[in-house]
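So that you can see what the record holds, here are the features copied from TrEMBL:
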BINDING   R114, E176  substrate binding site
BINDING   E176, D213  Mg(2+) binding site
DOMAIN    52-281  domain 'HpcH/HpaI aldolase/citrate lyase'
Amino acid sequence: MAWNIFSNTICQSCGCFKLFTSSYTKVLSSKLTRNISNATKLPKHKIMPPRRALLYVPGHDKRKIEKIGSLKVDCVALDCEDGVALDKKDLARSTIAEVYSEVQKTFSGDLCVRINSPSSGLAEMDIRAITATGNLPSTIIVPKVNSADEMRWFCNEYISSCKRVPLQTSIIFMTESGQGLLNLKEIIEAGIAACAQHPTRCHISGVIFGSDDFCADLEINRTSDASELTYARQKIVATAKAFRMQAIDMVYIDYKDSEGLKKQATDGANIGFTGKQVIHPNQIAPVQECFSPSEEKVKWAEELLGAFEKSTEGVFTFRGQMIDMPTVLQAKNIKRLVEEINK
Ligand SMILES: CC(=O)SCCNC(=O)CCNC(=O)[C@H](O)C(C)(C)COP(=O)(O)OP(=O)(O)OC[C@H]1O[C@@H](n2cnc3c(N)ncnc32)[C@H](O)[C@@H]1OP(=O)(O)O
Ligand SMILES: CC(=O)C(=O)O
Ligand SMILES: [Mg+2]
């Protein structure tokens with residue numbers, strides 16, 4: 001019974017629940033059946049590119065934009081928002097519209113555009129500028145989304161602006177305030193529902209933690225280990241992952257401090273973030289490394305999965321540890337991430 005429900009609902013491309021099916025006879029228990037039933041309520045996965053590092057490049061700054069093609073970064077955000085002064089917003093819009101296709105020729109990663117926030121009064125002009133060229137960005141980042149209404153507003157505005165251009169645009173939004181964090185689940189649900197009306201046009205694929213604005217909104221005193229942000233970071237990861245979306249961690253603004261950056265990136269990766277925002281080219285390599293499984297971890301995962309295939313039991317011993325389905329799934333996550341990175 002479970003098998004049939006499954007094969008109609010899981011994502012076949014990423015294989016995230018494949019283990020459930022391949023190990024069906026081994027481990028199906030009432031607990032697992034409950035987990036499977038919950039999983040079937042989730043939206044179908046879209047194939048998501050890895051976004052281990054997401055580099056902001058101010059949208060008006062041609063000198064920095066010209067460098068994008070030479071950077072080995074998973075994801076770039078051409079910025080119309082806080083990286084651009086108010087009197088340069090028009091320049092950023094026109095520059096992005098002008099150069100987007102050219103940059104795409106030299107850059108193989110995900111080339112995003114960050115618009116201004118729904119409540120800024122500037123987002124309409126951003127959307128109009130980026131949809132006018134007919135070459136839509138692969139991903140749009142919507143900052144400071146504080147409510148489900150703002151999410152719906154953006155989706156409807158975007159979809160109606162580009163109605164003649166069928167394209168699967170990823171929408172990633174940013175949580176940057178107390179309201180945004182409080183309403184996170186409703187915001188995601190509103191986005192999924194709005195995109196479900198136009199499944200070939202766009203989908204919600206991730207949440208970014210805008211920690212600088214969040215600190216301003218909550219009057220937080222920042223510390224070097226970011227312990228004051230633990231709750232927000234963990235809530236964002238747990239909520240995004242509950243909807244099978246990516247979660248992208250905070251900016252490390254002290255961009256000359258590579259040790260501090262690595263420590264914060266490792267912390268983020270350990271709590272489940274899929275990537276981290278960066279502001280300077282020097283931050284790319286260390287961050288991408290922190291969000292990639294080490295060789296040792298990849299070897300562990302491969303060997304564990306090999307041992308699992310050979311095992312006739314649901315529980316077995318591997319390298320002195322008790323292994324059952326949760327650890328097998330962790331190994332499978334590592335294998336999948338490596339495949340995505342190497343694509
Ligand atoms: C909280 C938020 O909203 S974060 C998002 C908004 N903020 C941003 O977008 C900031 C993006 N980053 C930057 O603007 C810059 O990195 C700064 C202002 C922090 C430092 O800039 P610089 O003083 O030029 O740094 P530095 O001299 O070390 O740069 C080295 C080279 O990398 C280039 N570079 C620096 N940052 C970037 C970037 N983000 N993208 C592309 N190239 C860059 C510089 O142009 C420079 O090359 P050049 O000498 O050929 O001009
Ligand atoms: C990145 C961003 O927008 C912030 O931290 O507020
Ligand atoms: Mg911000």
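Glycine too: its Cβ is placed from the backbone N, Cα and C atoms.
Only E176, D213 of the binding-site residues listed as R114, E176, D213 bring a Cβ under 6 Å of any atom of ligand 2; the order follows the sequence. Once Cβ contacts within 10 Å are tallied over all protein chains shown, the binding-site residues R114, E176, D213 are led by R114. Checking the binding-site residues R114, E176, D213 for a CB within less than 6 Å of any atom of ligand 3 leaves E176, D213, listed in sequence order. Not one of the binding-site residues listed as R114, E176, D213 brings a Cβ under 6 Å of any atom of ligand 1. In this structure, D213 (Mg(2+) binding site) is part of a helix by DSSP.
Across the structure, D213 (Mg(2+) binding site) and R114 (substrate binding site) place their CA atoms 15 angstrom apart.
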